[in-house]
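Per Swiss-Prot, topological domain 'Extracellular' is recorded for 29-251, and the stated evidence type is sequence analysis. Under the heading N-linked glycosylation site, Swiss-Prot lists ASN79, ASN151. The domain 'Gnk2-homologous 2' feature in Swiss-Prot is assigned to 137-236; the stated evidence is sequence analysis. The ATP binding site annotation in Swiss-Prot covers LEU321, GLY322, GLN323, GLY324, GLY325, ASN326, GLY327, THR328, VAL329, LYS343 and rests on sequence analysis. Look at Swiss-Prot and you will find TYR388, TYR487 tagged as phosphotyrosine, backed by similarity to another entry. Per Swiss-Prot, the feature phosphoserine maps to SER444, SER473; the stated evidence is similarity to another entry. Under the heading phosphothreonine, Swiss-Prot lists THR474, THR479.
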Amino acid sequence: MRCLTKTRSFHYVIIFYSFFFLPFLSSSSDDQRTTVSGLFCGGRSKSSADPNYIPTFVEDMHSLSLKLTTRRFATESLNSTTSIYALIQCHDDLSPSDCQLCYAIARTRIPRCLPSSSARIFLDGCFLRYETYEFYDESVSDASDSFSCSNDTVLDPRFGFQVSETAARVAVRKGGFGVAGENGVHALAQCWESLGKEDCRVCLEKAVKEVKRCVSRREGRAMNTGCYLRYSDHKFYNGDGHHKFHVLFNKGVIVAIVLTTSAFVMLILLATYVIMTKVSKTKQEKRNLGLVSRKFNNSKTKFKYETLEKATDYFSHKKMLGQGGNGTVFLGILPNGKNVAVKRLVFNTRDWVEEFFNEVNLISGIQHKNLVKLLGCSIEGPESLLVYEYVPNKSLDQFLFDESQSKVLNWSQRLNIILGTAEGLAYLHGGSPVRIIHRDIKTSNVLLDDQLNPKIADFGLARCFGLDKTHLSTGIAGTLGYMAPEYVVRGQLTEKADVYSFGVLVLEIACGTRINAFVPETGHLLQRVWNLYTLNRLVEALDPCLKDEFLQVQGSEAEACKVLRVGLLCTQASPSLRPSMEEVIRMLTERDYPIPSPTSPPFLRVSSLTTDLEGSSTISHSTNSTTTFNTMVKTDQASYTSSESSTTRTI
């Protein structure tokens, strides 16, 4: 009974703290760059089970706070039965009070990882990490480094170019810190002060490569072992990026000290709570899981975190299969010997619960040979994990666009991939228990099994709707170049948006060229294929790697041209003119099935088409052709103007 009374009393203290202190922390977090960009928890070890581990951790955090009063960087290590090493780095443009405040927020958030033996947290103004070994000179790590992209999309292609330029420029600044802002793009780069110049350079060069994968989004962040790089379409750093670190006990510093002290109190309370919960899980903890636990509490979908941790060798770098904007995928071997793919999720938005369970809810109950099967998830460990069937080969884009792999796929295999993807989409649109729109069909989301059969993956953006509805109205999300025009302009989502994305995919597979690859003489891929179609020279658009096969296999070249026509049908400007996926399958498989003549895709000015591709100077095209909707063709079937583009463009 005494134990129960203490537990309840402790919960009352936590509640009191939450209502009294947290409003001050959250109210300040909008201006002082204390938004959490990423929290990464390591595995558990014998040292983290030591009774002295959490008290040592609390002492380390307090010592860092004292050191941070005179500078923006500090390290601390306490040697007891369990050694803990910690590092804090504020960005060089932060004032003393903002640095203290950022650390106060970080040290209240990072205990969420306890009792993990390691953790790191990135805020927009500082970085905090602890380990059981000395890590201060580490620069990069393929297993731990991550990046994140915002959800909202920028439609101006010049923005992506400016991001690449600005990020590269800020990364070469000397001294381990730099900011830059030009043409609506602002960037900040920061190395930890414990790194040498060469290690800093290596870390930031990798960071630049990572944020370049976000260039179509308004913001991107690279969160590496030894550095941080962020870009945005608005200025987020202070002044010119430099702030002298004077120790002045002004109002801001006093507020920061008070908040830091309160954070320290919270740490002590939290440490006590962790120790108590290691002995016994209370009923209150189970109720906090609420609907989440009840929904996935059957043995078929629920995995223990410890099982997946061991299956991946504690998320070993050697088991890493790939990395994306919202997590890293590892190969796992279950106790029964079965191979699975374990996705270790990174949540950096307030809507992470919706993002996580959207994918679980939609695909846990559907099965098709051309859809990656979700086997289950883990939600009660220090981080959330998704478990998929293991698909041994890489994604389609690595076969098509990697020069060393581009000749691996012959035409027969490419046609099989196109047909399999079509069958998977047809199942989602009408054959599954609910109608599902994928919203992000692209080459990197089509995986290939050991027989090079396609499997559609990544249902994080998918949406379902009832049979009685004609469309959904929603903010846009997806990948530029693959998104249907009516969806981008009006926010109206139907199955025909997936059909458009599929059409782009077909053109990429048959031509061996990325949709966003721009050639000054011929424009983007969609422009080039359409121009050649109007000139009756469609064969020139096909991948040159297939030329020898077309010469050897009679009829294969004509078949490939037929597939290109189907791709053009799917990318027509008007959704009503695009075929359904069932019709696409019939066009691809039935020799006598009629294939209509396609109308012009969006983004093109039909009157500017020339009768001779070789006279490139007479071809008019817009460099914004795949992303700017104010310059679209006006045809009898579709008209898109700026007056229609008032849709909110975020999820």
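Using the three backbone atoms N, Cα and C, a Cβ is placed for every residue, glycine included.
For TYR388 (phosphotyrosine), the nearest neighbour among the binding-site residues LEU321, GLN323, GLY327, VAL329, judged by Cα separation, is VAL329. Comparing CA positions across the recorded positions GLY327, SER444, THR479, the one lying closest to ASN79 (N-linked glycosylation site) turns out to be GLY327. Calculated from their C-alpha atoms, the gap between SER444 (phosphoserine) and GLN323 (ATP binding site) amounts to 12 Å. Note: VAL329 (ATP binding site) has non-local neighbours MET320, LEU321, GLY322, GLN323, ALA341, VAL342, LYS343, ARG344, i.e. same-chain residues 6+ apart with C-beta under 8 A of its own C-beta. The shortest Cα-Cα distance from ASN151 (N-linked glycosylation site) to any of the recorded positions (GLY327, THR479, TYR487) is found for THR479.
THR479 (phosphothreonine) falls outside any helix or strand according to DSSP and counts as coil. Among the recorded positions ASN79, ASN151, THR479, the residue whose Cβ has the fewest other Cβ atoms within 10 Å is ASN79. The two recorded residues TYR487 (phosphotyrosine) and THR479 (phosphothreonine) have their Cα atoms spaced 12 Å from each other. Counting in whole angstrom, THR479 (phosphothreonine) lies 17 from GLY327 (ATP binding site) by their C-alpha atoms.
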